[in-house]
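Working notes, structure below.
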Amino acid sequence: MGALITRTEGLIFVILIMVAFALWLQRFKVFKSLGPVLTVVVLGIILSNTHVVPISHDFYSALSTYCVTPAISICLLSMNMRELKKLNREPVIALISAIFSVCFIAIILGFIFAPRIIEGWKCAGMFVGTYTGGTPNLTAIATGLDCSRETLAAANAADYVVSTPLMVFLFAAPVILKASKRWNKLWPYQFTKEELDDGDDEPLMSDKRWSIRDIAWLLTIGFGVSFVCTVIAQSIFPDTFWKAGRLLILTTVSIGLAQLKPVQKLRGNLDLGLFISLTFLATIGFAVDLQQFIGSALMMTLYVLFMLIGCIVLHLIICRIFKIKYEYVILSMVGCIVDGPTSSLTAAGADWKSLINVGLIMGVIAGACGNYVGIFVSYVVKGICGM
């Protein structure tokens, strides 16, 4: 059965209305908990599997080719290194523990699962990326490793099948754990109510004032950095590594530019980066063929399941040994598995006013680290498995 909409201009309209609808749905609590990224991907899966849009199309590849790296660069412009001063010992340990746990478990399980999965060593790095910064990192690393669209779609589907229930639990965890006497006895390290109330009460994802000049400069920087890094990477790296090398160079250059005062004055980088990311993430949803996924992606789903269970257990053990307050533990997990804005929303939803900015910073740092550690883990698994 052919798709209802196959013309490029029609697909552009569908993608934009999906993004607008997903952002509009964020006013409702259940969708705010899921976040716009998951909402867009699920909408994409529904539309392609009901034959409203095709599962594959040349436009999808073009959109991914030209939008992924600029979106990464624009988002990374929020990485103000001076904000690190707001992080004391405990959130730093929690963040390092979360990133280390994901990498360690991914490598151990990669030795078992990677040889049994198509492009398994690439999947190892992609999953490390998505669990140290969110779904955009998965796509970024897939682009850096020149992963096939079929594997990328299957990886996204496996990710959402396993991680969505976990995400829902993490959003509800502050209320559930606060009421649990057993948890409070097991984990007595917590903030007082007075400490949590001492913070900014400005609502997140509220309307922001930013001009067309901000948009123009952000787009110029994003696409300019992408172009320059592509040229450099193709010049100095071999054909088998230049896309991965480009991602590492782009991450480093973008973080460097983010420290410049004129760049720091630009407003709306996270919003614009998210918008561009949502457009190509919609096509990832389109590429998920549920019939094919159910029949062939079991091994990949098991890899994600055991990886998440293993890294969460290891993370909790490390944080318990170092006596980290459980609020930091929750925010570090949300910041890594989802993203910084969602970590902030988790803090805001739990009325942890003093931790709203901390959650955002932890997520942004995790997102930046995700590109580095994702590429690193991919090649470690490739070397171990001899692939």
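Cβ coordinates come from backbone N, Cα and C, glycine included.
Bear in mind that TrEMBL entries carry predicted annotations, made automatically and left uncurated.
What TrEMBL says about this one:
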TRANSMEM  6-25  transmembrane segment
TRANSMEM  37-53  transmembrane segment
TRANSMEM  59-80  transmembrane segment
TRANSMEM  92-114  transmembrane segment
TRANSMEM  160-177  transmembrane segment
TRANSMEM  215-237  transmembrane segment
TRANSMEM  243-260  transmembrane segment
TRANSMEM  272-294  transmembrane segment
TRANSMEM  300-322  transmembrane segment
TRANSMEM  329-350  transmembrane segment
TRANSMEM  356-381  transmembrane segment
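Just going by CB pairs under 8 A, the stretch in 37-53, 59-80, 243-260, 272-294, 356-381 that sits most against the transmembrane segment (92-114) is 356-381. Between the transmembrane segment (6-25) and the listed ranges 160-177, 272-294, 300-322, the one holding the most Cβ pairs under 8 Å is 272-294. Touching of the transmembrane segment (272-294) and the transmembrane segment (160-177) is ruled out by the presence of fewer than three CB pairs under 8 A, sequence neighbours closer than 6 excluded. Listed by sequence, the residues of this chain that lie at least six past the ends of the transmembrane segment (356-381) yet keep a Cβ under 8 A from its Cβ atoms are 72, 75-76, 78-79, 83-84, 86-87, 91, 94-95, 98-99, 102-103, 106-107, 110-111, 114, 120-122, 124-126, 128-130, 132-134, 136-137, 140-141, 144-145, 199-200, 204, 244, 247-248, 251, 255, 328, 331-332, 334-336, 338-344, 346-348, 387.
For the transmembrane segment (329-350), same-chain residues at least 6 beyond its ends with a Cβ under 8 Å from one of its own Cβ atoms are 32-33, 35, 37, 91, 94-95, 97-99, 102, 130-134, 136, 163, 166-167, 170-171, 173-175, 177, 203-205, 270, 274, 312, 315-316, 319, 356-367, 370. Stretch with the most C-beta contacts under 8 angstroms to the transmembrane segment (300-322), considering only 37-53, 59-80, 160-177, 243-260: 160-177. The stretch in closest packing with the transmembrane segment (37-53), judged by the count of Cβ pairs under 8 Å and taken from 59-80, 160-177, 243-260, is 160-177.
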